[in-house]
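Single-structure report; data block below.
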Amino acid sequence: MSRPARVLVLNSGSSSLKYQLIDMDSGDRLASGLVERIGERSSRVVHTPLAPAGGRRERTERVADHGEALRAASAELRADGLGLDSPEVAAVGHRVVHGGPRFTEPALVDDDVLAEIEKLVPLAPLHNPANLMGIRTARELRPDLPQVAVFDTAFHATMPEHAYRYAVDTATADAHLVRRYGFHGTSHAYVSRRAAELLGRPLEDTNVIVLHLGNGASASAVAGGRCVDTSMGLTPLEGLVMGTRSGDIDPAVVFHLSRVAGMGIDEIDELLNKKSGLVGLCGDNDMREIRRRIDEGDRAAELAFAVYTHRLRKYIGAYTAVLGRVDAVVFTAGVGENAAEVREAAVAGLEGFGLAVDAGRNAVRSGEPRLVSPEGARVAVAVVPTDEELEIARQTFALASSRDGGPEKRHA
Ligand SMILES: Nc1ncnc2c1ncn2[C@@H]1O[C@H](COP(=O)(O)OP(=O)(O)O)[C@@H](O)[C@H]1O
Ligand SMILES: CC(=O)OP(=O)(O)O
Ligand SMILES: [Mg+2]
């Protein structure tokens, strides 16, 4: 039998589990799926095998937690002959959102790594518990299989101290691990590399600003393939305006709401993480719906769009200053890849920086990396679809295949 070359990638969100089974020899996605509304009264399980075409299955049932979600996914895979029990599976790759100061590279999971991820739960209370449950359940299902944790924070570990340190009392900050970590690193790494390829430049000599605009959104400044600054901070709340998160605000808003509005700390946490951003400004967090409402003359939707794109322009300006020379501004993830109006508005007025979009190119819809700036522009504007799952699968497969490299290579 040929060596096992399939990797199951798990991406656990706070209330969802996305999975893909990828064949590393062919690059094929043998199956993908999604369990949504985990923990709610009725959850949705959607499973799509590569073959047969049209073999998509969907059902609703109650899925109590991420452990049950993985068991449901595993049953779907098994029904297609692609179960975790199959000898062709080489490893499971887990997206872990917070790796703290320690994990600057992917880690082969053992009890020590699990304990460390557990310690970081207070820094990512919505994400790390779900990630842990996915890892524990996968280990139960196939105890002999290598499990690899790939951290959202890892790519940002190269930031210089003046970028990651907050101007907060050093002793307090150090005692409580308070600093900028940054997230969506797997996407920023993948997209900045693909952008250099698109430009036909060596990665080592390419400076890009990556705008990852999904439900969560973050910007990063990447110089020669290394992150030098990023907009998310201690947690995924800082920086850009997001679907439901505020991004940058004056921290004194928290004191004010506590003292003047009498709100509790958990209530404010929920306000800023779940009831702010686009949804807080206009009631919708889906950019498609916001564009539709703007076309109907809806004032709140217009304002939400304006606040969102104003923040993007500020970060493009700031990271242009951080990088000194910018070769490309690159848009990715759900909004970045699809919303031409957002790309146009994000660079509007930045001609002085060499930035502009060509209306015809910007209107093209495609799943391929592409330039949307005018021919001969000083700074390229590009769309590069992200693929966090493929990147996690690659890092997982590389580490699982080199397992004899010794435990010291497994984590920093
Ligand atoms: N065709 C589209 N036009 C505009 N926005 C879109 C389109 N498709 C998706 N989006 C936006 O992308 C968001 C989801 O992005 P995605 O990267 O999938 O998010 P996440 O991985 O954080 O769940 C949606 O909330 C929506 O705002
Ligand atoms: C870290 C983070 O914000 O992730 P997501 O965009 O998946 O919510
Ligand atoms: Mg995402």
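A Cβ is built for glycine as well, from the same backbone N, Cα and C atoms used for every other residue.
The Mg(2+) binding site annotation in TrEMBL covers N11, E388. For K18, H212, L213, G214, N215, G216, D286, M287, R288, G334, V335, G336, E337, N338, the entry in TrEMBL reads ATP binding site. Residues annotated as substrate binding site in TrEMBL: R95. Look at TrEMBL and you will find D152 tagged as active site, proton donor/acceptor. Annotation comment: TrEMBL describes H184, R245 as site 'Transition state stabilizer'.
Here the features listed in TrEMBL are painted onto the structure.
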{"residue": "N11", "record": "Mg(2+) binding site", "DSSP (3 states)": "strand"}
{"residue": "K18", "record": "ATP binding site", "DSSP (3 states)": "strand"}
{"residue": "R95", "record": "substrate binding site", "DSSP (3 states)": "strand"}
{"residue": "D152", "record": "active site, proton donor/acceptor", "DSSP (3 states)": "coil"}
{"residue": "H184", "record": "site 'Transition state stabilizer'", "DSSP (3 states)": "coil"}
{"residue": "R245", "record": "site 'Transition state stabilizer'", "DSSP (3 states)": "coil"}
{"residue": "R288", "record": "ATP binding site", "DSSP (3 states)": "helix"}
{"residue": "V335", "record": "ATP binding site", "DSSP (3 states)": "helix"}
{"residue": "E388", "record": "Mg(2+) binding site", "DSSP (3 states)": "helix"}
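A 10 Å radius around the C-alpha of N215 (ATP binding site) takes in these recorded positions out of N11, R245, E388, in sequence order: R245. Remark: of the binding-site residues L213, V335, the most isolated position is V335 (fewest other Cβ atoms within 10 Å of its Cβ). The ATP-binding residues named in the record, K18, H212, L213, G214, N215, G216, D286, M287, R288, G334, V335, G336, E337, N338, extend over a maximum Cα to Cα distance of 22 Å. Proximity note: of the listed recorded positions (N11, H184, D286), H184 have a CA within 10 Å of the CA of the residue listed as 'active site, proton donor/acceptor', given in sequence order.
Among the recorded positions N11, H184, R245, E388, the ones whose Cα sits within 10 Å of the Cα of K18 (ATP binding site) are N11. Within the set of recorded positions (D152, D286), the lowest number of other Cβ atoms found within 10 Å of a Cβ is recorded at D286. Note on proximity: of the recorded positions R245, D286, R288, E388, the one nearest H184 (site 'Transition state stabilizer') is E388, by Cα distance.
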